[in-house]
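The annotation transmembrane segment is assigned in TrEMBL to 52-72, 84-106, 136-160, 166-187, 199-222, 251-274, 295-314, 320-342, 375-396, 416-434, 446-470, 505-526. As annotated by TrEMBL, region 'Disordered' applies to 576-610. Here TrEMBL flags 593-610 as compositional bias 'Low complexity'.
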Amino acid sequence: MSAQTGTQAASGPASQRLVDRARFRIMRLRNEPNPIWIRELKQSARLTRTPLFMTVITVVMTLLIASIGGIASIEASPAKTGVVLFQVFFSLAYFVVTFVGPAVAANSVASEREGRTWEAVLLTGIPPGDIARGKFLAAFTSIGMYVVMLAPVGALPFLFGGVTALEVIVAFGFLLLLALLSVAFGLSISSKMNSLRAAILLTLLLAFFFSTTAFSLGGFALSVAAHEAWPDVVQGAPIWLPSAYERAPFGLQYVVFLVVLPIITLGLPIWFLYEVTIANLSDASDDRSSGMKRWFIAALPILTAAAAVPGLSVDAYDRMGVHVFSMSMVFNFLIFAVFLFAGDPLGPSRRVLAVWERNKLGPVRRFLGPGVVRSSLLVLALGVASLVVLTLAGLVLLDDPVISRADMRMTEVVCFAGYAITFFTFVVGLGAFLRARSSSVTVTRVLLLSILCGIAAGPWAIAAIAGIFAEVRGGFENALAIAAPSPFYVFLMMSKIEDGNGESILIAGAAAMVGWSALGLALLAGARAKSARLLMAEAAAHAQTEELLRADDEAMAAAIAAQAAAAAQAAAAAVAPTAPGISEPQEEPSGEPPNGGAAPDGAAPAGSNA
C-alpha cells in the first residue's frame, strides 16, 4: 500500500519487455510518487507568501507589458507592436526563470542542513538519488507555477500580431526547459553548502553571470548568425530561436542547429548537474563515480558527433576553420573531464566492495566504480578515440576538389590533432599523478590548474625574452621554437605548414609531442604504482585492525567461558551430596537440638551458666 496515495502498489512489470517495464514505471510514479516531492509540496502549500509573490510578479508583468504596448502602438503598427511585446516579455521571463529557479532550488538541501533536519531525512533510508529527484521535482513544480501564471500575459503579443501561435508555444516550451536547467543548477550548489544564506548568495551570483552571458552570446550574438543562415529571422533580437522554428526552411541546418544542438546544450548539463547533486548527497564511502562516468560515456560520443556535423553545413572554404574550432571545443571538454575525475578516490571503499560482492557485479560495472586510475584510463581511451574520429572526419571533409591546397589543409588538421592527443595524454597522467600524491581534491585541482597555466603561458614568455637577444643575430624564428611546450604552439605550426617554411618550428613541435606523450604515460604509470601501494597499505591496516579485534573478541569469549565454568563449578559444589552414613543434625521445630534436648558433649546446656 502506498503511503502517499493510499492505493495498492504494483508488484512488478508483467514481463521484461521494454513496453511493460515503461508501463510499470509510469504506474509506479502515479501510485507511488516520490515521498520527498510530496513532502515539499505539502510544506509549500502551507506558505502564504508563495501565491502572494506569484500574484505580484504577474500583476507587475501585466502592467509593464500593457504600458509598453500602449506606448508602442501610438507610432508603430500592431504587427511591430506584437514583435516588441514578444521580445520584451520573454526577455523578462527569461531572467525571472534563471533567477528565481536557482534561488528556489538553493533553498532545498541547504535549509535542511541548517535547520538540523537533514539527518532525519537520511534516517528514512531514502537513497540519495530519490532525495535528489524529490527536491528537483519540488523546485521545478514551484518555478513551473510561475511560468503558468505568466502564460496569459505572454499570449498578449499574439493578439497584436507579428508573431504566430507556434512562436509563443515554442517560447514557453523553452522557458520550461530553462527552468529545468536553472533548478538543476541551484540544486547542485545547494547540495554542497551547509549554510542557506551562503547557498542562495553563491547561486544568485553565479546565476547572474551565466544568465547574462548566455543572453548576450546566445541571444544577440547568435541572432546575427541565425539571420545570415535564415534571412527571415530578425537580426539583433535576443529571442530569435522561436522565430527560427517557424520561419527557417527545413533541412540539414534546421535539424542540426534547431533540434540536435538545443537538446545537447540543455540535456547534457541537466544530466550532469543531476549526477553532481547525487554525488554531493552521498556519503564519502559510497560510490559517487559511477553516475559521472556513465554521463561522460554518453556525453562524449554525442559531442563528437555534434562537432563533426558543423563542417558539413558550411561552405567548402570554411570547413577547415570550423572543424578545427569544433575539435578545440571537444579538447576543452576533455580537459574539463580530467579536472572532474581528479576528485575520484584512489580506490573503492570497503562499503562499495561489499555492495559489489552482494550484487555480483561484473568487471565492466566495477571498472566504472571509484578509482582515480580507472577514471584516468577511461578518460584517456575515450578522449583519444574521440579526437581520432574527429581527425578522420576532418580528412573526409577536406578531401574535396573544390578546396585549394587540400593536402596542406589535411596536414594542418593532422598536426592539430597530433598535438592535442599528446598534450591531452600528459594532462591525464599529470592529474592522476597529483591525485595519487595528494589527499585533498582541492589541492589536486589547484595544482593541476596552476601547472597547466604555467605551461600555456610560460614558454611564450621565455621565447619572448630569448627573441629579444636572437633578433639582433637574425635568429628570431629559432627563438620561437622555445615555446614548443605550450599547447598554443600548434597554431604556429599550422601557419608554418601553410607558408611552406619554418622547418625548425615543426621539428620543435614534433619533439614536444613526443615528450608530452612519453611524460604523460610515465606519470600515469607512476600514479598507478603509487595508488596500488597506498591501497595495499590500507588493506594491510584494515587486516591488522580486524586481527586485533578478532583477538580481543576471542580473549573476551575465553574470559566469559572461564567465568561461566567457574560459576558452574561453584554451583555444583554447593549442591554436592554428603558422605554415606553421616547425616547432619536436624533441629526440632522448637529450635531444640535433637536427643531430648541434651546438649552435645563438652557443651553447656541451654540456659546454664558457663
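Note that Cβ sites are derived from N, Cα and C of the backbone, with glycine treated the same way.
Unlike curated entries, TrEMBL annotations are predicted automatically.
From a predicted model like this one, the values you see are computed outputs, not experimental measurements.
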Contact call for the transmembrane segment (446-470) and the transmembrane segment (416-434): at least 3 Cβ pairs under 8 Å, seq gap 6+: yes
Close approaches to the transmembrane segment (416-434) from elsewhere in its chain (Cβ under 8 angstroms; 6 or more beyond its ends): 324, 327, 331, 334-335, 338-339, 341-342, 372-373, 375-376, 379-380, 383-384, 387-388, 390-391, 394, 444, 447-448, 451-452, 487, 489-490, 493-494, 509, 512-514, 516-517, 519-524, 526-528, 530
Spatial neighbours of the transmembrane segment (166-187) far in sequence, C-beta under 8 Å, 6+ residues away: 86, 90, 93-94, 97-98, 100-106, 108-109, 132, 135-136, 139-140, 143-144, 147, 151, 154-155, 157-158, 203, 206-207, 210, 239, 241-243, 245-246, 266, 269-270, 273-274, 277
Contact between the transmembrane segment (136-160) and the transmembrane segment (52-72) (3 or more Cβ pairs under 8 Å, separation 6+): yes
Recorded stretch, among 52-72, 84-106, 295-314, 375-396, maximising Cβ pairs under 8 Å relative to the transmembrane segment (199-222): 84-106
Leading stretch by Cβ pairs under 8 Å, where the reference is the transmembrane segment (375-396) and the options are 52-72, 84-106, 295-314: 295-314
